[in-house]
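Visitor: Below, the features straight out of Swiss-Prot:
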{"type": "ACT_SITE", "residues": "E142", "note": "active site"}
{"type": "BINDING", "residues": "C99, H141, H145", "note": "Fe cation binding site"}
Amino acid sequence: MIHAILKMGDPRLLRVAAPVERYDTPELRALIDDMFETMAHAQGVGLAAPQIGVDLQLVIFGFERNDRYPDAPAVPRTILCNPVIEPLSGEMEDGWEGCLSVPGLRGLVPRYRHIRYSGYDPAGQRIEREAEGFHARVVQHECDHLIGRLYPTRIRDLTKFGYTEVLFPEMDPNAD
């Protein structure tokens, strides 16, 4: 089932999500299926449960190709419960981000370039991976939703925040 995606200004996006405590349940599987369907419908590269009003530490991400980020390399399809992020260096990298909860806007956001992330899959099996570049950016962006943080709060230079159609006129206006 496709869910409505909460938009910036909705106070539910500012809450800290609760940990997933029960794995491998029909309810968790149904939620994950709904999240993937919602993400695909919105042409997203990731989605966090709080974005559809579910206060759980659950994120999904991954794509082969995405019209909203045409130059981005593929990111493996991942389901991550109770994620933890560890920067593997202090190197930060600025990159343009958008968000399904902040439609039509983009901002230049600093993120760690190289991270390790860990958590659990829907069956409760531990996941641990390293990521760099756009993959690392997507993981950090989605995990921010679990602590009630949206990407505009990370922007250092507000002259690098605006409407996608103004900042990137060459992009398809329906892509964001």
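Cβ from N, Cα, C; glycine included.
Just tell me what is around each of these and how deep it sits.
Guide: Sequence-distant neighbours of E142 (active site) (same chain, 6+ apart, CB under 8 A from its CB) are G46, L47, A48, V59, I60, F61.
In three-state terms derived from DSSP, C99 (Fe cation binding site) belongs to an extended strand segment. Within 10 Å of the C-beta atom of C99 (Fe cation binding site) sit 27 other C-beta atoms, taking all shown protein chains into account.
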Visitor: Please list, in sequence order, every residue of the chain apart from C99, H141, H145 whose Cβ lies within 8 Å of the Cβ centroid of the Fe cation site.
Guide: G46, A48, Q51, E97, L100, S101, E142, D144, L150, Y151
Visitor: Can you give me the same-chain residues 6 or more apart in sequence from H141 (Fe cation binding site) with a CB-CB distance under 8 Å?
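Guide: Residues satisfying the criterion: G46, E97, C99, V109, R111, Y151.
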Visitor: Taking the Cβ of H145 (Fe cation binding site) as the reference point, list residues of the same chain whose Cβ is under 8 angstroms away and which are at least six residues distant in sequence.
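Guide: Non-local contacts for H145 (Fe cation binding site): L13, A17, A48, P50, Q51, V59, S101.
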